[in-house]
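Asks: Below you'll find the structure I mean.
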């Protein structure tokens, strides 16, 4: 039983490690979302998403409510990046299950779909987001651009 539990813990830890998104992917996500770091988007006078990654308050809560508060975290590039990584680690296995592949095979485009909702990996409406990111990643790979 102890060996079985150790194997489960090892697999979970491996999934956590594999769920890290590299800087190139974060750069493409940052470019795609294109939000000024100190801005928030409003809907009928209510702030719905802030910062370079357009992080909503529910997304921030799901990433562990890190930083001083939601708005401040989204407007601090380090905190926002950590929030994104935490969210991806938390929901990577769900995304992989929806896409019927191991966490280690998730692509940047898959993570971008995940960024648009924990169930975004299986939603066809999130495909446009992944296509834009694939384009950014392809340009970086083909032309060696650093964004």
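Cβ atoms are placed via backbone N, Cα and C, with glycine included.
So TrEMBL says this about it:
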SIGNAL    1-19  signal peptide
DISULFID  25-108  disulfide bond
DISULFID  63-83  disulfide bond
DISULFID  73-79  disulfide bond
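Locate each feature and note its surroundings.
Replies: Sequence-distant contacts of residue 25 (disulfide bond), defined by Cβ-Cβ distance under 8 angstroms and a gap of at least six in the same chain, are 108, 111, 112, 133, 137.
Sequence-distant neighbours of residue 83 (disulfide bond) (same chain, 6+ residues apart, CB-CB distance under 8 A): 53, 55, 59, 60, 63, 64, 66, 67, 73, 74. Secondary structure from DSSP puts residue 83 (disulfide bond) in a helix.
Around residue 79 (disulfide bond), the same-chain residues at least 6 positions away in sequence with a Cβ under 8 Å from its Cβ are 66, 67, 72, 73.
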Asks: Could you tally the C-beta atoms, other than its own, that fall within 10 angstroms of the C-beta of residue 73 (disulfide bond)?
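Replies: So the number of other Cβ atoms within 10 Å of residue 73 (disulfide bond) is 21.
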Asks: Quick check on the disulfide-bonded residues: of 63, 108, whose CB has the lowest count of neighbouring CB atoms inside 10 Å?
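Replies: Counting other Cβ atoms within 10 Å of each of the disulfide-bonded residues 63, 108, the minimum falls on 108.
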